[in-house]
Every structure is written in structure tokens, then in C-alpha cells.
Amino acid sequence: MGEITNVMEYQAIAKQKLPKMAYDYYASGAEDEWTLQENREAFSRILFRPRILIDVSKIDMTTTVLGFKISMPIMVAPTAMQKMAHPDGEYATARAAAAAGTIMTLSSWATSSVEEVASTGPGIRFFQLYVYKDRKVVEQLVRRAERAGFKAIALTVDTPRLGRREADIKNRFVLPPHLTLKNFEGLDLGKMDQAADSGLASYVAGQVDRTLSWKDVKWLQTITTLPILVKGVLTAEDTRLAVANGAAGIIVSNHGARQLDYVPATISALEEVVKAARGQLPVFVDGGVRRGTDVFKALALGAAGVFVGRPVVFSLAAAGEAGVSNVLRMLRDEFELTMALSGCTSLAEITRKHIITESDKLSAIPSRL
């Protein structure tokens, strides 16, 4: 194996290393996987308008997220059950994110608990939350995240039911017997039963609350002072509702194309959300980020930062903590290079004028009518 030169190469290594059920769980999307492909392809249709002859000898990639200073606008998205990828699981990811000076989001469905992740040492961490039918479970989880020093809640709002992930159905996906969903240990919610289709789909149907609505976003604010990021917004309408309901931020997300197929790529939905937010709250994006150029494009469209998920899991599977560190370093280095070659020395200098989107190309064509 030669030197790894980009983030995508880790996926091929992960595929060789992991059991099929684990790899398919991480890699697959919903139904036809159109959105899964589109999350990547939409980035490739956005082009650069680089500015030249600008002194780029010093480049500052630092930024602030919810008041926390981080080294770069690239953060770790929540991904479930990381010990299926590597025995160190979320511990390794937490250490790599902290070493890179960025934020890690821990999944509700992690195979390490909030307390265990906190024990890895200092670091800025967010907690991704699913709202369970039993609100006492939710309250307990939020309390534990607060006590463990987590700084924000990323509330997933696009999963009243689990998307139809056909690979998981074929594989009859279930959490391996030696692992548990550590945040639910002792609650009878830590294990996943074998099912006729996907064990996770059955688990979600049994535990996650389908009645979840904006009133629950309000309720969460009554039980915690932590800022709440609404994760899973794709439209202007829901952006305005997020603002009206006191969200601290929005994550434009289609759940890694694992929920509703044929929704737009997140990078395609981003500008609509940013415009509707009117600067009243920060807008982040996840889904399909594999290059530093992708990070730049997202920021040019108004994102305050990006979250990466699958690249973290695949690099974790391939090389543990060192793999995750390497992915974060490669993305950082590529992003820095993109800034330099585009003529930007700070994030504030990245503007909409630095890119051309499909809609820009269309509006530039004079109408024949």
C-alpha cells in the first residue's frame, strides 16, 4: 500500500478490512442511493473564480463556533457505533479531534458513553440527540452530556422513522454481540435484537418518538441551557421555524443520504437555508465533504463550517486514531491550499464571488423569450 494521498482512499481500505455487515452499514444510503451519489457529485458542479496576485503568505483558518475557538471550520459529525470500525472506537475519534483543535460530535448511538469520551481528556464536544418515546431517558442523556462537559446538543430531526437502507435489510444488520449502545447501558435500550429485516430499523421503530415536533425543541430548551443545533434542515420554511423556535444553529443535513432518497444534495440546499436564516443563526453543513475544495465551496455559499462523517469512520477502520488524525490533517491542508490559490487569507475573505454554481451558469444565459 503506497502513501495515502486523499480522504477517499481510506474507504477502499475500510472495505477490505471490515466485515461486510459493518462496512455496508457505514457506506450505504437509502433506497436507490441517488442522494448518496448526488451528495458528492453536486460539489463537482461548483467551480472556482480564483483571485490572483494577493499576498497569501499567511493564512488563518481559525474560526469560532457557538463561542468556541477552533483551528479550522472542519468538524467531526456524529456517526454511530464506531467500535464496529475499530476497537478504540469513539475514544480514538475524540483524541484525534481534540489534537486537531476541532469539535467532535458524539452520536446517541455510540459504542462509548459520554463519560468515557469525556475521560479521553480536554476537547470541545457536542452531543447528538435522538428523542426517545420515554422523555425521562432523553432528560437523563442530556444531564449526563452536560455533566461530562459537552458544549451543545445536535438534535437530529430527520428520523421519525429509519430510512430504508436496503444493504442493512439484506444483511439483517444488528450490533455485534460484544458491543452495546453505551449511553443506554442498564436501560434495556443498549442492545439491539436480531430482526427479520434491519435490527436498527426495528430498534428505532420501538424507541424513537415519531411525534417529535417543534414543541419538543421548545421543551428541550426548558431542560437544558446548552445551545441546540437543529440537524436535518433542507428548506427555507424549516429554517424560519428553527429561528422562531430558538435554535442556536442549523446543520443542513440529509443524514448522509440515509433517510429520504431524492432529496437534494446538502451543498445544493445550503444557499436556500443560508438566505432564509438571514444571519440570525449560524448554518453548518454535512454530507459529501471529501476535499478541502468542498470545504471552501460550502463556506463560499454561506456555511459557518462543515461536519465530516464517513471519512472519519473509514479512516478509523483503516488506521485507528492515526487514521482519523490523518483525514483531519489532509482536509485542513487541502483547504489551506484552496484558500491560497483562490486568494483568501482568512475565512472572512471567502465570498460568494469566489465560486460559480449551476444556477449562476443558468442565470447568465440570456433568455430567448
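Backbone N, Cα and C atoms are what each Cβ position is placed from, and that goes for glycine too.
Since the structure is predicted, the reported quantities are computational estimates derived from the model, not experimental observations.
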For the glyoxylate site that Swiss-Prot lists with TYR130, ARG165, HIS255, ARG258, give the additional residue from the candidates TYR23, TYR25. TYR25
Pick out which of the binding-site residues PRO78, GLY309 has the most other Cβ atoms within 10 Å of its own Cβ. PRO78
Which entry in the list of binding-site residues, SER107, SER253, has its Cβ near the fewest other Cβ atoms, using 10 Å as the limit? SER107
Excluding its own, the Cβ atoms lying within 10 Å of the Cβ of HIS255 (glyoxylate binding site) add up to 23
For SER107 (FMN binding site), the spatially nearest of the binding-site residues TYR25, TYR130, ARG165, ARG258, using Cα atoms, is TYR130
Rounded to the nearest angstrom, how far is the Cα of TYR130 (glyoxylate binding site) from the Cα of GLY309 (FMN binding site)? 17
